[in-house]
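As recorded in Swiss-Prot, the features of this protein are as follows:
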type     : residues : note
DISULFID : 43-66    : disulfide bond
DISULFID : 47-62    : disulfide bond
MOD_RES  : 57       : phosphoserine
MOD_RES  : 87       : phosphoserine
MOD_RES  : 94       : phosphoserine
MOD_RES  : 96       : phosphoserine
MOTIF    : 43-66    : motif 'Twin CX3C motif'
């Protein structure tokens, strides 16, 4: 590694808080868009028999139920992962024991 790349690598540790916040917000937006895409694809395949000019009541009810179950399942998984993370010791703490 030459001196210019080592100095730029050292500068990476001091990230601008505004830039970091912007990246976090954009990452959340990307995750949300991916979730919407997955949900749309899944529910479309499940609920749409024959696309027509108007959504019939059966398809509408199916879409509503599908979206609600998708959200419930996603929330359950996130909560479960959060519980799992809380119950595991932090890596650095486990090394000091």
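Positions of Cβ are set from backbone N, Cα and C atoms, glycine also.
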C-alpha spacing of residue 66 (disulfide bond) relative to residue 87 (phosphoserine), in angstrom: 32
Nearest-integer angstrom distance between the alpha carbons (Cα) of residue 66 (disulfide bond) and residue 57 (phosphoserine): 14
Where residue 62 (disulfide bond) sits in the secondary structure, as DSSP reduces it to three classes: helix
Alpha-carbon distance [residue 43 (disulfide bond); residue 62 (disulfide bond)] in Å: 8
Under 8 Å by Cβ from residue 47 (disulfide bond), counting only residues of that chain that are 6 or more apart: 59, 62, 63, 66
PLDDT averaged over the residues of the motif 'Twin CX3C motif' (43-66): 91
Residue pair residue 43 (disulfide bond), residue 57 (phosphoserine) - Cα distance, angstrom, rounded: 15
Local Cβ density at residue 43 (disulfide bond) - other Cβ atoms counted within 10 Å: 19
